[in-house]
Amino acid sequence: MSKMMVFTGNANPDLARRVVRQLHIPLGDVSVGKFSDGEISTEINENVRGKDVFIIQPTCAPTNDNLMELVVMADAFRRSSASRITAVIPYFGYARQDRRPRSARVAISAKVVADMLTVVGIDRVLTVDLHADQIQGFFDIPVDNIYGSPVLVDDIEDQRFENLMIVSPDIGGVVRARAVAKSLGVDLGIIDKRREKANHSEVMHIIGDVEGRTCILVDDMVDTAGTLCHAAKALKEHGAAKVYAYCTHPVLSGRAIENIEKSVLDELVVTNTVPLSAAAQACDRIRQLDIAPVVAEAVRRISNEESISAMFR
């Protein structure tokens, strides 16, 4: 523990402060700003030679600025002789561009970012609820992907919901939703979205009986909130008594807050992997949980060369 040092950029300093409080160590001193032309500038204000350095920096909006802060900081620590550099990226931006669809001339941006982080000398990466698990394979360095589900499950249990059912908002999220349902010992529902004909709106098929149930939609992130709001509407139309949504990453871009406020969703519960905007904080239907204890425990285990997977057994 004596060699561990934790630093942060400007992406989510509040989370970093919460993590170091859990670890009972001070937050490292680094200055991260911009030159007059907008270039990122960074300077480490204390000795890091031989230290086990952790940089807490989600690559949320402004995505490119936060990514460049992480890259430039990592280079500064490498040139300052840190013994090991771990990038703690609670929310990994560019994760949605992880494949090249057939006949599409697009970049695989997740791979580009993985290469950038590796080439600047980062030794390992710690993420929370990667959008696609296969992104770990884009790196040539160790990647530990931990889960936000324990925090979400604990809160669900504390709420003492009656007649509870976990629902996946789409087919792609079934594995995640099934794991939460299994942890809670409750039923699983699935929403199957399909477009019956071209130029026709999507039809939502509900797999499972939601009549009179308290339904909880589970997903890794909420972006514009369109999927969750449409899912909540479909569930209510099929007789659900209450509909809540639990998501790890509150990206909440575009008209997300407006969509949530106009929806029939009773509450959206998120973690603090991404800081909430002022509008999100003012929305009485959004509640934020603290994921710092989970991140701090993972950091401690990495520093002490202990098992990460043992956290989730």
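In case you wondered, yes, glycine gets a Cβ from its N, Cα and C as well.
Annotated in Swiss-Prot:
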type     : residues                                               : note
BINDING  : Asp37, Gly38, Glu39, Arg96, Gln97                      : ATP binding site
BINDING  : His131                                                 : Mg(2+) 1 binding site
BINDING  : Asp170                                                 : Mg(2+) 2 binding site
ACT_SITE : Lys193                                                 : active site
BINDING  : Arg195, Asp219, Asp223, Thr224, Ala225, Gly226, Thr227 : D-ribose 5-phosphate binding site
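Everything Swiss-Prot records as a feature, shown here on the structure.
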residue: Asp37; record: ATP binding site; DSSP (3 states): coil
residue: Arg96; record: ATP binding site; DSSP (3 states): coil
residue: Lys193; record: active site; DSSP (3 states): strand
residue: Asp219; record: D-ribose 5-phosphate binding site; DSSP (3 states): strand
residue: Thr224; record: D-ribose 5-phosphate binding site; DSSP (3 states): coil
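Only Lys193, Asp219, Thr227, from the recorded positions Lys193, Asp219, Asp223, Ala225, Thr227, place their Cα within 10 Å of the Cα belonging to Asp170 (Mg(2+) 2 binding site). Among the binding-site residues listed here, namely Asp37, Gly38, Arg96, Gln97, Arg96 has its C-alpha nearest to that of Asp219 (D-ribose 5-phosphate binding site). Among Asp37, Gly38, Glu39, Arg96, Gln97, the residues given in the record as binding ATP, the maximal Cα to Cα distance rounds to 30 Å. Long-range Cβ contacts of Ala225 (D-ribose 5-phosphate binding site) within its own chain (separation 6+, distance under 8 Å): Leu252, Ala256, Asn259, Ile260, Ser263, Leu268. Of all the binding-site residues given, namely Asp37, Glu39, Asp170, Asp219, the one with the smallest number of surrounding CB atoms inside 10 A is Asp37. For the recorded positions Arg96, His131, Lys193, the ranking by surrounding Cβ atoms (within 10 Å, all protein chains) places His131 first. The binding-site residues listed here (Arg96, Asp223, Gly226) include Arg96 as those with a Cα within 10 A of the Cα of His131 (Mg(2+) 1 binding site). Calculated from their C-alpha atoms, the gap between Gly38 (ATP binding site) and Asp223 (D-ribose 5-phosphate binding site) amounts to 27 Å. Proximity to Glu39 (ATP binding site), judged by a C-alpha distance within 10 Å, picks out none of the recorded positions Lys193, Asp223, Thr224, Gly226, Thr227. Sequence-distant contacts of Thr227 (D-ribose 5-phosphate binding site), defined as residues of its own chain at least six apart whose C-beta falls under 8 angstroms from its C-beta, comprise Pro169, Asp170, Asp219. If you compare Cα positions, Arg96 (ATP binding site) sits closest to Asp223 out of the recorded positions Lys193, Asp223, Gly226. Among the binding-site residues Gly38, Gln97, Asp223, Gly226, the residue whose Cβ has the fewest other Cβ atoms within 10 Å is Gly38. Listed in sequence order, Ser253, Gly254, Arg255, Ala256, Asn259 are the same-chain residues at least 6 apart in sequence whose CB falls under 8 Å from the CB of Thr224 (D-ribose 5-phosphate binding site). Comparing Cα positions, Gln97 (ATP binding site) lies closest to Asp223 out of the recorded positions Lys193, Asp223, Gly226.
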